[in-house]
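A quick write-up on the structure given underneath.
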């Protein structure tokens, strides 16, 4: 603190060094006199004055000590805004930047005149900190305006800095360009600080968060931006064949062209077998019902830069299968049948055959039998692709009885006769005795007919079968089955007759007489005479 003392008219005049007071804009300024120290006992009055813009002194007010009377001496704007309190501090309402000057408290006592000058500073933090003119998009590797940060109506002037993802950005004149500006309000003297950021972005900056920071003696404020998309030209083009599996002749095949630019290009050229097809507002082109001739190389390129292109090769898988015969084929027993299969494929195709769902080798028919009948399917397969051709073989022939047998039912007095025959169409069965049907079946040209009979005497039973192509007959001897004792059993093996491997006769001896037993086997008409001649041994 500096003190200057002079003697005027036997009074000691002392001038103290200037102090400083800070006030807030629009609030009340309180300027203390002698830092609020107690006034001398012989105080006469206290007077406040200020330094005008022209460096002359202007009176504000005076307060007498003896009667505590205050007189406002100011004739300008201060006349309505100044007052003095009990501690002789000066009060100024509605602080503004015009109040930033030196105010002097003059204390006059019986022996001294002391002046206490006080410098007033009026502070105001920014009314707002905003980012204006925000960019909607940034350009890769090209300095683009991000936005302008504005801190309005401050005193002293606010400073502005920029951050990206929380880190300070330092201007380098290339990738980061920061342009500050300052504007003063002529009416209030308040300053508005602006700072414009230009930034050369990278692809990764599409998720970057930019922020501006206003630094002021009263407060620091930070304002953030939402991430801004980054635009950049395409650097690579790719062509994709939209297919879940191997491309098969007849498929619809979609080509998709993709470029890595942002925003993605919306127009492309598709090069289809020497023709250039422009597709706008889409990135796909569909080849409808592709043929085997359409295989080969395909290209796509950018509509505005045909040098940016990509290519893909398409392999069209195909298989041709031809089978002769097909459909329903009707043949006679003993006929021949030639089966021809021809194939053509884009790769190594495998051939397989099934008959009625069961795997077999390629069929060869030199002399057809009833057993050859069935549904034949030829399958050609390759890389998950299949082709099928088939024919249904029907082998027709007059019926032939293959077996005529009998047996006694368990714990029963009736006998079951079974007649088996082969023939197509299905043969009809006729019996020479009254009987009861037990079961009838017909599968794959084989027919079986069972009946039950109760013979009261020895019988010769005939089974006859017929269809539109012919008939066959076979007989069997059936005994009444009334026997008491078996003394001996003799088996006679007779010569083979048509449809038989052996004829067995069981001979029973009962009370001195011989009769045929129950294991007699049926005979055809051609062997009937042979059977009759061998009933007795």
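The backbone N, Cα and C atoms fix where each Cβ goes, glycine too.
As written in TrEMBL, here are the features:
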- 26-121: domain 'Ig-like' (DOMAIN)
- 126-231: domain 'Ig-like' (DOMAIN)
- 233-316: domain 'Ig-like' (DOMAIN)
- 327-392: domain 'Ig-like' (DOMAIN)
- 399-479: domain 'Ig-like' (DOMAIN)
- 516-537: region 'Disordered' (REGION)
- 1-17: signal peptide (SIGNAL)
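The domain 'Ig-like' (233-316) shares the most Cβ pairs under 8 Å with 327-392, out of the stretches 26-121, 327-392, 399-479.
When the domain 'Ig-like' (233-316) is classified with DSSP, helix, strand and coil residues number 3 helix, 48 strand, 33 coil.
According to DSSP, the secondary structure content of the domain 'Ig-like' (327-392) in residues is 3 helix, 40 strand, 23 coil. Across the domain 'Ig-like' (233-316), the model assigns an average pLDDT of 93.
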